[in-house]
Structure formats: C-alpha cells, structure tokens
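> Straight from TrEMBL, here's the annotation block:
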- Cys249: active site, nucleophile (ACT_SITE)
- Asp30, Lys35, Thr83, Thr117, Glu143, Lys252, Arg316: NAD(+) binding site (BINDING)
- Phe140, Leu141, Arg142, Glu143, Lys192, Phe238, Leu239, Asn240, Ala241, Gly242, Gly246, Lys309: substrate binding site (BINDING)
- 302-390: domain 'UDP-glucose/GDP-mannose dehydrogenase C-terminal' (DOMAIN)
Amino acid sequence: MIIGIVGLGYVGLVTGAVLADQGYYVIGVDIDEKKVNGLNCNRIPIYEPGLDELIMKNKKKIQFTTNYSDLSDADIVFIAVSTPTINGKIFLDYIYSAGENLQKILNKESVIVIKSTVVPGTSRKVKEITKREVIVNPEFLREGSAIIDTKHPERIVIGGDDEKAIKLIEDLWSFTNSPIIKTSMEEAELIKYAANSFLAVKISFINEIANLCEKIPNCDINNIAKAIGMDKRISPYFLNAGLGFGGSCFPKDTLAITSFAKDLGERLHIVEAAIEVNNERPFRAVKMMEDLIGKLENKSICILGIAFKPNTDDTRESVGLKIAKLIREKGGKVIVYDPKAKADLEMVSLDECINKADGIIIATEWDEFRGLEDRLKGKYVVDGRRILNYKKLEKGRFKAIGVS
C-alpha cells in the first residue's frame with residue numbers, strides 16, 4: 001500500500017515516519033523546495049526526539065518530493081498542511097489547494113484523510129473538491145513526544161460517511177491497539193477543537209488561581225494544584241501554573257473556534273476568557289521583574305528558554321519571545337539561552353546568560369534549568385515555570401508564579 005502525505009511539518013513528518021516504520025511506502029509532498037531538498041540530504045527541519053533516527057531507519061521506504069504527481073498511485077493520502085489563523089479566523093486555502101491538486105493527479109479511488117485541524121464543514125468541502133471519500137482523522141500528538149503519541153494514542157477518532165473508507169483507516173491504525181471512536185466528519189472536526197479548548201481553559205484556570213495565591217500569605221499554587229488534581233474528576237494533568245500556553249495548536253485553535261462560533265451566532269465565553277488570561281501572562285512576567293529591579297531601561301535581562309515548551313525547537317507563539325519583545329519595548333537588553341531553539345536575538349551560552357544578566361526570567365521548563373539555585377544566588381530571578389526551589393533563593397531577589 002502506498003501512503004501519501006501532503007505537508008511535511010510536525011504532523012506530516014511524524015505520521016509518515018511512523019507509517020513507514022510499519023512497512024508502508026510513504027511519499028511526502030511539500031511545496032517548500034528548500035525543506036524537501038534538506039530532507040533528501042538527511043536534514044530534518046524540526047527537532048523532535050527520535051524523529052531523525054526513525055526517518056533514517058526507514059529511508060528506503062520514504063520519498064520526499066515537491067511534485068504532487070508522484071502521489072498519483074497512492075491508496076491513502078493524508079492532508080497535513082498548516083491551517084493558521086489570520087485576524088482571528090482560520091485560513092483554509094492550503095487545505096483546499098491540496099484538495100484541488102489531488103483531484104487533478106490521483107489515478108485511484110484513493111481515500112483522502114484530513115489530519116490538519118479544520119473547522120466543521122471543511123472536510124465535506126474537500127470531499128466535493130476531490131470527488132473522493134474523505135476521512136477526518138485528527139491528530140492528538142504533543143511536540144516533544146510526538147512519535148510515542150502517534151504509535152500509542154489514547155484514542156483514534158475516525159470521522160466519515162463511507163464504511164469501506166472508515167474500515168481502511170481503522171485497519172491502517174490497528175497496530176496501535178488504541179480505542180477507536182467512529183463519528184461523522186463534522187463531529188471529528190469539532191472533537192479536536194473541543195479537546196484543545198478544554199486543555200487551554202484548564203491551563204488558564206490554574207493560572208488565575210496562581211494570581212490569587214500571589215496575593216495571599218503562605219499560599220503556594222503547587223500545593224493547591226496537587227490537592228485538586230487528586231480528584232479524579234479533575235486530574236493532575238495541565239494543572240501546572242506558569243506563563244501560559246504557546247505553540248502551533250492552542251493559540252490558533254482557540255481563536256479559530258471562537259471566531260467560528262461567532263459566525264454561527266454563538267459565543268464560547270469560557271474559551272474567550274481562557275485566551276484573555278493567557279494573553280496577560282507575558283506582561284505578568286515582565287511586571288514581576290520590574291518589581292524586583294525597577295525600570296528595565298538599559299538593564300540586561302536573560303531569558304532562559306524560547307521554545308514554547310521543552311523538548312522541541314518550535315518557537316511559534318513562544319511566551320519567551322513575547323517577553324523579549326516587551327522588555328525591548330521598555331528599553332531593556334535581551335540575551336537568550338535555549339538548548340534547541342533559535343531566534344533573531346542575542347543567543348549565548350547558559351553560563352554567559354546567567355553571568356551577564358541583571359535579571360533572569362525562566363520561560364521554558366527545560367530539565368537543564370532545574371537545580372540552578374546555587375548558580376542563581378545573588379541574581380534577580382523570575383521563575384515563570386516553577387522549576388526552582390524558591391526556599392533556596394534570596395527573598396527580595398526572587399519571584400515565582402503562584403507564590404506570595
């Protein structure tokens with residue numbers, strides 16, 4: 001069986017690599033010639049633990065190309081292109097363009113699978129464009145553990161109209177031994193948004209309680225979160241107070257679904273509130289630093305971490321980068337250290353970042369930043385991810401999220 005992948009970003013590359021590892025022949029298409037050339041020269045464009053090794057292991061079973069025509073004999077084609085938000089609304093042109101290109105070149109009655117996150121109704125339009133069966137099979141992978149999440153997902157959602165096409169995709173993922181939920185296309189599309197929106201709400205909720213803890217003596221948000229997380233109805237996951245969510249999913253997906261709801265005459269008030277709370281987090285980190293050292297003008301501030309989360313080099317909607325922008329707007333100088341991510345800022349070593357700085361803000365919870373208490377003594381520190389033991393640092397020189 002030949003598997004086609006349209007779009008070689010996180011989702012497309014990981015999906016293709018995992019399926020090649022299962023013995024399928026995979027053809028990956030992307031319009032970015034530089035990316036494709038790099039992949040053909042064994043340069044993986046993203047950092048994801050284990051991805052390089054998996055692609056190299058299955059190199060003979062994976063083809064990278066810019067030519068849609070190479071997909072002409074594919075049995076299944078995954079569409080995994082970007083669906084960004086522009087002015088708060090989802091931009092679907094890449095999805096529809098992929099559908100139009102596939103309609104022109106496919107020789108078989110291939111099944112089209114939508115992996116991209118799209119608002120309800122999108123996949124049905126792709127079905128009209130391609131004149132083929134379309135299945136909605138949303139991804140639930142987390143950057144940093146994407147391969148594990150693809151091989152062992154907690155559930156597989158398959159949305160479609162045609163039983164034969166549904167069975168084909170069910171069989172394709174049978175190696176995961178994961179529960180399969182069969183739905184309509186529209187339900188599958190909405191499931192992805194509902195899941196991401198709920199997690200975003202949970203993050204913003206605990207961050208609001210953290211704000212409250214900062215005003216109450218003898219309150220630590222970590223103790224609050226631990227206690228409420230032991231309730232099985234709540235669970236401890238996504239209850240880590242910090243600087244909020246970033247990345248390629250939560251920010252754009254919450255905006256897209258709230259905008260989509262408004263177009264239908266509805267308001268997702270809770271999701272809108274979660275966005276508002278999250279947008280405030282970078283400002284809070286900067287205010288904490290100002291409370292410690294005064295005006296930031298002509299001060300050198302070290303930001304530890306610009307990846308939006310650990311174990312990735314992805315800086316999309318990075319809180320660290322938003323903090324850097326705010327500091328520079330206030331006349332401060334920004335220096336940055338991150339183990340994997342890069343940005344158009346002064347990137348230095350960890351030692352240099354600590355030694356040169358007037359103040360330090362921890363913006364990403366890389367394991368490398370844990371246990372730095374002794375090296376940070378004498379420095380002004382804002383722990384935006386609660387990875388340090390604040391009791392080991394000097395009062396008056398240290399602030400942490402969720403501690404008075």
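Any Cβ shown, glycine's included, is placed from N, Cα and C.
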> So if I measure Cβ to Cβ from Cys249 (active site, nucleophile) and keep only same-chain residues at least 6 apart in sequence, which ones fall under 8 Å?
Thr117, Asn196
> Can you tell me the CA-to-CA distance separating Arg142 (substrate binding site) and Lys252 (NAD(+) binding site), as a whole number of Å?
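Computed Cα spacing between Arg142 (substrate binding site) and Lys252 (NAD(+) binding site) is 15 Å.
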> Within 10 Å of Lys252 (NAD(+) binding site) (Cα to Cα), which of the binding-site residues Phe140, Leu239, Ala241 do you find?
none
> Can you check which residue among the binding-site residues Asp30, Glu143 has the largest number of Cβ atoms within 10 Å of its own?
Glu143
> Within 10 Å of each Cβ, count the other Cβ atoms and name the one among the binding-site residues Leu239, Ala241 with the highest count.
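When each Cβ's neighbours within 10 Å are tallied, Ala241 tops the list.
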> Do you know offhand how many angstrom separate Leu239 (substrate binding site) and Arg316 (NAD(+) binding site) by C-alpha?
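Rounded to the nearest whole number, the Cα-Cα distance is 22 Å.
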> For a quick check of understanding: among the binding-site residues Lys35, Lys192, which residue's Cβ has the most other Cβ atoms within 10 Å?
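When each Cβ's neighbours within 10 Å are tallied, Lys192 leads.
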> Roughly how many Å separate the Cα of Phe140 (substrate binding site) from that of Asp30 (NAD(+) binding site), to the nearest whole number?
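Pair distance, Cα basis, whole Å: 22 Å.
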> List the helix, strand and coil residue totals of the domain 'UDP-glucose/GDP-mannose dehydrogenase C-terminal' (302-390) as derived from DSSP.
22 helix, 18 strand, 49 coil
> May I ask for the distance between Lys35 (NAD(+) binding site) and Ala241 (substrate binding site), taken between their Cα atoms and rounded to an integer number of Å?
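Counting only the Cα atoms, the answer is 36 Å.
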> If I take the alpha carbons of Ala241 (substrate binding site) and Glu143 (NAD(+) binding site), what is the distance between them in whole Å?
19
> Spatially, and counting Cα to Cα, which of the binding-site residues is closest to Gly246 (substrate binding site)? Options: Asp30, Thr83, Arg316.
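Spatially nearest to Gly246 (substrate binding site) by Cα position is Arg316.
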> Look up Asp30 (NAD(+) binding site) in the DSSP assignment and reduce it to helix, strand or coil.
coil
> How far is it from Lys192 (substrate binding site) to Arg316 (NAD(+) binding site), counting Cα to Cα, in Å?
19
